[in-house]
Amino acid sequence: MVDFSKELRALVQSPHSQWLDTLAPQLTAFKNNPHGNLKRWQRVLTQLPNLTAKHVKLSNTVQVGEADEASDADRARLTGLLQQLQPWRKGPFDLFGVFIDTEWRSDWKWQRVAPHLDDLSGRQVLDVGCGSGYHLWRMLEAGAEQVWGIDPGELFLMQFRAISQLMPLSWQQRAHFFPVGIEHMPELKSFDTVFSMGVLYHRRSPVEFLQQLKSLIRPGGQLVLETIVVEGDETTVMMPGERYAQMRNVWFLPSASALSVWLERLGFKDISVVDHNTTSIDEQRRTDWMTGESLADFLDPNDTNKTIEGYQAPIRAVITARV
């Protein structure tokens, strides 16, 4: 059974303690309906070598320990165990000399986002759809006091816990992950900064989702939104067919201008499109740690400006706004 007692104690002592009312039943439901592989993944965590990291560097590659801080045997054991948690999608990580070359170069996204953030020093930060938690560690690097990630993916939880387990306690105590979605979160209005990166296009009701994000941010706090967009003006919104870039669960792709209008209608202020970037096959690709299909397989082989279905290839925008 997955234990969340440490995370819940931290939550009770935080400005977000009201969240406990809805979160506790969700975690009970999670425990009562585990993923079929959850026990196997948990066994991996119990078998990780007991290593002490003297050096932690939360930079482009999130590094925990150095190669000379682990024996060859421990490093080989660590490699084999972490490979059992594939696919690794968001990173990269370097754990005692074991380099996890993830599908996404998530550090590239952070480099696009970071210059446009309010100062995170001392802030309470939430990442909605945090994946394996790579960006949570980068938020701590930027000075956040506490970072909270939510994502319903059980494998992401196990990957996050594997990284956290190898971290010194001082870092572990500031990063928290709950395997839940945003749907049942109360209107906390308590987070200084809320991130949502790579989630909006998966939502059937994107405007409702934006309103939910707004309800979590304190007055004056910042929203950082990253999502796939299409070219066009403030009236342009595309709903693809059954698949977009081979993804079944893509619903609405607005232009950056249309998305800005949505945010304005919801009462956000200081709305700014700070980045507009075409996703490249160097940023999202197959690796030894994610051996399945990746972006190159989802694009038209004769025209990489289009998806395999004939739509515009993924362009991602970053928009910041305040409450």
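FYI, residue positions are counted from 1 along the chain as it appears here.
Using the three backbone atoms N, Cα and C, a Cβ is placed for every residue, glycine included.
Residues or ranges marked as carboxy-S-adenosyl-L-methionine binding site by Swiss-Prot on the basis of sequence analysis: K90, W104, K109, G129, I182, E183, M197, Y201, R316.
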Which three-state DSSP class does I182 (carboxy-S-adenosyl-L-methionine binding site) fall into?
coil
Looking at the binding-site residues I182, M197, the one with the fewest other Cβ atoms inside 10 Å is I182
Count, for each of the binding-site residues K90, R316, the other C-beta atoms lying within 10 angstroms of its own C-beta, and report the residue with the smallest count.
R316
Per DSSP, R316 (carboxy-S-adenosyl-L-methionine binding site) is which: helix, strand or coil?
strand
What does DSSP call M197 (carboxy-S-adenosyl-L-methionine binding site) in the simple three-state scheme?
strand
In sequence order, what residues of the same chain, 6+ apart, have a Cβ less than 8 Å from the Cβ of K109 (carboxy-S-adenosyl-L-methionine binding site)?
H135, M197, E226, E283, R316
Maximum Cα-Cα separation (Å), residues K90, W104, K109, G129, I182, E183, M197, Y201, R316 listed as binding carboxy-S-adenosyl-L-methionine:
26
If you run the three-state DSSP split on K90 (carboxy-S-adenosyl-L-methionine binding site), which class comes out?
strand
